[in-house]
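Notes to accompany the following structure.
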Amino acid sequence: MASIPEKQALILPLFEKLTSLTKETPPRAQWDPRLAGVGVLPRGTLFSCFHEKHLLEATKLFKVLYSPESFNDFLQLAREARVVVNEGLFAYAFSVAVIHRDDCKGVTLPPIQEVFPDRFVPSETINLAMKEAKNDPNSDIVVDVQETGNILDPEYKLAYFREDIGANAHHWYWHVVYPANWDAVFTGKTKDRKGELFYYMHQQMCARYDCERLSNGLTRMIPFHNFKEKLEGYAPHLTSLVSGLHYASRPAGLCLRDLSELEVQDVERWRDRILDAYHLNHVHDRENNDVVLDAEHGADILGAIIESSSDSVNRRFYGSLHNWGHVMMARMTDPDRSFEENPGVMSDTSTSLRDPIFYRWHRFVDNIFQEYKATLPSYTADDLNFPGLRIVSVQVNAKSQNRVRTFLKQEELVLSHGINFGTEHTVKVHYNHLDHEPFSYTINVDNSSGAVKHATVRIFLGPKCDELGNILEPNEQRRLFIELDKFHKELGPGLNTINRNSVESNVTVAHTYTFDELREGKLAPEDATEYCNCGWPRHMLIPKGTHRGMEFQLFVMLTDYTVDNPCGGAGKIVCADAVSYCGAKDQKYPDTKPMGFPFDRPTKIHTAEEILTPNMSLTDVVIQYVGHE
């Protein structure tokens, strides 16, 4: 039986040079009979896991690749599929299969940004790299990334966030770990609270986006809300090397338009049915039975319906609001495909974060969840308190106390694993991303209970003021709080000091292994899983802040771990890199509290002091942007 390094070496080549495959495929008579149901989506077409037919074919291919009993049979079948199915569809379905097959445990996927660099790097930059490689084929090539806009567009101030390679890769990877059409019966593996996680992960991205807007002197975003409104323009500056066509730009002033597969009124109807559901406090399943939207399962049920996923209780009635919204926005310039143009970046999980409309659309989706949350009772002091524990003080340790500096840091991306430049030498691009200085938390806690307490430490960060400089009221601020960390801590009687480094955050991914590292045999730990590689990029943990220093509030809360842990005790999570966003391997989601607790429900208070219990703390911190590293 092949070892993990041997399997890694066999799988890597299947991801290389996918942008250079030809459209010609072998005759169907020569295909493995198990591939009979795939190959419908033409090669050279942009694959979208939001599109119902694309996702259906990808699910068929995944099941074909998941079924072989031996690794060798799986690998041979994947090699055959690679040359007959759509390039993007293959990368998606093959990735889902690799990270879920038991015999691929320990195998690490190469970074999607190296597999399809054309989804992450502006076409002007790739064009420059091609010229340099042609002119100097005997040397390694390094080019600088080209700008995609200018100050005439206010949104360009946020290009560093929207176009961040790690953030876009995270979004692609999350949808690979949590496929919309996941079949728990077929695989025997359940994705616990998948619908609620869909809601929470995207809510957090919207909160982070608004924090970045405030950091750049912009107002908070205006949610999408009207299916007939004229939308802002956007130009992605990306060209698909699979099709040779640009990702569609969107001129300002266009509205959503009917597609050949679906009309705008269908999506409006789905929205209305979902809104009716939470007002009535129940949804209708396929047999027309009422399913109650209770506090424990309501968000999970709604998440499956809104996305929609295979867990939807009634997809035929509630439709697929989120997914078709992505498709409609991506095809606004060519809704009926009469011009045979590529869709826009909203069609692809690895590119959609680049478009400002992504955040407005997801804030619209999040508002539906918030309407449901408003039907639940607000948390009381008894719900929030942890008797016997009192937070004495909280401090952020960096070069200056309670002040963290951010900056732009240069990084490099290898293009030549995904693109054929006609040279054996390496071709790289240099780009900048936001980063921050190392920092840690010191939390002093008094345990007056006389016994050992197991606590869940929850750390959030939110802006203190709005765009006008007014202090945010708690009900506004709660939707802007971003989760920084959540971890278990044992607290003895008396005074305890908790020290926690920011690099230990459970929302960020520790390391992304490159093609070269994987080829050299650098592997993740043996107990690593797909969940270890899923997570928000570490360098984007905190917002940019301002040159003068922007005021934020650090919220720390202690809750009872013996109640929070679904195992009921101090159980170990096998893979704990980014459990808040990505869950845990073969276990229940490792926190019984609602995701985002205690900020998931509206509150009627006007000041934080009205609800702060002894086990909570609010500390003013400053984030200062200092430019390039």
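Yeah, the Cβs are placed from backbone N, Cα and C, and that goes for glycine too.
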Worksheet entry | Selected from Cys532, Cys567, Cys575, Cys582: Swiss-Prot disulphide partner of Cys534 | Cys582
Fill in: According to Swiss-Prot, which candidate in His284, His362 joins His322, His326 at the Cu cation 2 site
His362
Practice prompt. Ten-angstrom check, please: count other Cβ atoms within 10 Å of the Cβ of Asn447 (N-linked glycosylation site), all chains counted.
Written response: 19
Worksheet item: Taking Cα atoms as reference points, which of the binding-site residues His175, His202, His322 is nearest to Cys534 (disulfide bond)?
Response: His175
Worksheet entry | Cβ-Cβ distance under 8 Å to His202 (Cu cation 1 binding site), same chain, at least six residues away | His362, Val365, Asp366
Practice prompt. Select the most exposed residue of His175, His362, where exposure means the fewest other Cβ atoms within 10 Å, treating these as the binding-site residues.
Written response: His175
Discussion item. My understanding is the cutoff is Cβ-Cβ under 8 Å with a sequence separation of 6 or more in the same chain; which residues meet that for Asn615 (N-linked glycosylation site)?
Written reply: Leu384, Asn385, Phe386, Leu389, Arg390, Ile391, Met557, Leu558, Thr559
Worksheet item: According to DSSP, which kind of secondary structure is Asn447 (N-linked glycosylation site) found in, if we only use helix, strand and coil?
Response: strand
Worksheet item: How many neighbouring Cβ atoms, not counting its own, are there within 10 Å of the Cβ of Cys582 (disulfide bond)?
Response: 28
Worksheet, complete the sentence: Filtered by Cβ under 8 Å and at least 6 apart in sequence, the residues in the chain of His326 (Cu cation 2 binding site) near it are Ser48, Phe50, Met346, Ser347, Ser352, Trp361
Discussion item. Give me the sequence-ordered set of same-chain residues, not including His171, His175, His202, with a C-beta within 8 angstroms of the centroid of the Cu cation 1 site's C-beta atoms.
Written reply: His170, Trp172, Trp174, Phe198, Met201, Met205, Thr349, Ser352
